[in-house]
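Student: Right, I'll just put the structure down here and ask away after.
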Ligand code: NAD
Ligand code: MG
């Protein structure tokens, strides 16, 4: 192992991935040191994290929160400095003393600081899949130009990364998947909590039911995305960019036990899978220690208690969001950015009780149709597409088209 500790910034440290990351860090104090922690809400948790990990900086969104947190930290004798705003997030992601950035802010809000980390040539541990959905080509171009080291944290993509040929996973743009001997990527999906629920009861689904994932404990937005299978759609787009895969080289396989985290099928007929207990500390530790392996405290996989592994084809009639993601990918340009933004507005409205569960797909489809043909050229045009989609989504909600 390296002599001096690796310095980390954890963007979104108060969230589900952030907390799991700090759990791994706490097990290896000699290996990792925290430069900065960031959070939008949950100031109490951020305060406790700052006390435990003594970062140089913590970053919050607004001045009022910054003042409040700074006063508390000072009173507790802490040396940690409190910053606020988007520019501060980018600053702590790109700081010269930082080696590794965990990108674990949820949603499009995570894109700019993640991009800043890539531009600065960091090891980027990418949990924030929305960055690739919103700005896939641009982000990968930045990674290539800076020589940043990109390690996927999303469990499926981490699994795929682990079983791809090393040359391809580290330099996916040197050649296509086919030239690397790979026939296709098999992206597994649990099917979420509504895989077998009667379709005619979908309009009655409550936020509490939707955030209750059968296998994984996650933040609220990704839990709803998993229930609608929009999450798998976003992951198809994520895989397209991470692995230089064409859309027809990615297949979704429903696997309710979430033990096989994904697979790669090779030209010779071999199918390599990565398996493990459903615990995000495995992919997080993999990214943190790569290419070494460390023990993150995950419960060992007990195949005898798992008993069986099932596989099914996805049901696109039940889960139209998955179809929409393939359609957005095929449409090209800024379509995936539009889909991502529409979905974010829809999920927030669903969690607030302003939209039915089937309304998430209905709203996303309507916005994708309405805000079409926009280019993905540069950051500015992507942010414009994101803004136009959010506006169209809010207008759709205001028209009261909620029941579907
Ligand atoms: P979460 O909601 O638990 O945490 C989100 C974090 O982002 C929090 O620290 C929050 O304060 C911060 N945040 C929210 N809005 C922000 C804003 N506008 N500006 C700055 N910070 C903001 O989410 P999570 O489940 O930890 O997911 C984080 C990311 O990782 C998501 O992109 C998700 O898709 C991805 N991911 C999560 C899991 C999982 O198991 N939780 C698995 C795979 C991928
Ligand atoms: Mg995933």
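Placement of Cβ uses the backbone N, Cα and C atoms for every residue, glycine included.
Predicted automatically and left uncurated, TrEMBL annotations should be read as such.
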Student: Starting from the 1-deoxy-D-xylulose 5-phosphate binding annotation in TrEMBL that includes 129, 155, 156, 213, 226, 231, 232, 235, which of 180, 190, 251 is the extra site residue?
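Tutor: Answer, per TrEMBL (1-deoxy-D-xylulose 5-phosphate site with 129, 155, 156, 213, 226, 231, 232, 235), from 180, 190, 251: 190.
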Student: For the NADPH site that TrEMBL describes with 14, 15, 16, 17, 40, 128, 130, which of these is also annotated: 219, 233, 269, 276?
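Tutor: Of 219, 233, 269, 276, 219 joins 14, 15, 16, 17, 40, 128, 130 in the NADPH site that TrEMBL records.
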Student: Which of these binding-site residues (128, 130, 154, 156) have a C-beta closer than 6 Å to some atom of ligand 2?
Tutor: 154, 156
Student: Among 16, 156, 235, please name the binding-site residues whose Cβ is nearer than 6 Å to ligand 1.
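Tutor: Result: 16.
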Student: Want to know which binding-site residues, from 154, 156, 213, 235, are within 10 Å of residue 130 (NADPH binding site) at Cα; which are they?
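Tutor: Matched binding-site residues: 235, sequence order.
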Student: Of 129, 213, the binding-site residues given in the record, which has the fewest other CB atoms within 10 A of its CB?
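Tutor: Lowest Cβ count within 10 Å among the binding-site residues (129, 213) is 213.
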Student: If you run the three-state DSSP split on residue 16 (NADPH binding site), which class comes out?
Tutor: helix
